[in-house]
Amino acid sequence: MVSNKEKTLPSLPFFNKPSNESNSDSKFMTRFSEKFPKTAEFFKKNKKPIIVSLIIFFIIILVIIIVAAVGGFSNGDSQDTGKPGINMSGKGDGTFYNPSVGTGSCGWQNDDSEFVAALNAPQYGKFSDPADSPICGKCIKITGPKGSVKVKLVDKCPVCKRGDIDMSPAAFKKIAELDEGRVPITWEGC
């Protein structure tokens, strides 16, 4: 049997509480004030500035986390060295060219100061549109006499033989001196 009395929702503990009823917050503050009277007095006097400072602090932390997550923090030396995923390697000659002269086979205009390279024609592959090559934008790590460098593949080197890589001057300087012109290299996908 249903009662004709009007049903009401139970009240939440935060609302409609008589002011003389003690709650856990006031018990906490009382205990805190007893144990740390100077600190409690400081908090009472400076409640708003402390809350504002904490809010600003958490906003700054949130902004740092967001910027770091999208890659916003980088040193001046970092460059786009392409995407991983190329399952190739080679051994041949490393040379350099000026990618700033024109648009590469992948359809991008690059600068001589970028870490970019052109893959030899046999490994680049034949495509009706060279920009359709799956190597476009992929990363390879090239090792030469002076060291190693990661580069992004952006072009095809039509005169290079299998295993050869033609690099931007900036990339070539990481593995050899420019006046050497042609050096032995090994390379592999990043």
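Here the Cβ of each residue, glycine as well, is placed from N, Cα and C on the backbone.
Residues or ranges marked as compositional bias 'Polar residues' in TrEMBL: 17-26.
The domain 'RlpA-like protein double-psi beta-barrel' annotation in TrEMBL covers 134-186.
Residues or ranges marked as region 'Disordered' by TrEMBL: 1-26.
The transmembrane segment annotation in TrEMBL covers 50-73. Sequence-distant contacts of the transmembrane segment (50-73) (same chain, at least 6 residues past either end, Cβ-Cβ under 8 Å): 43.
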Take every residue in the domain 'RlpA-like protein double-psi beta-barrel' (134-186), average their pLDDT values, and give the whole-number result. 94
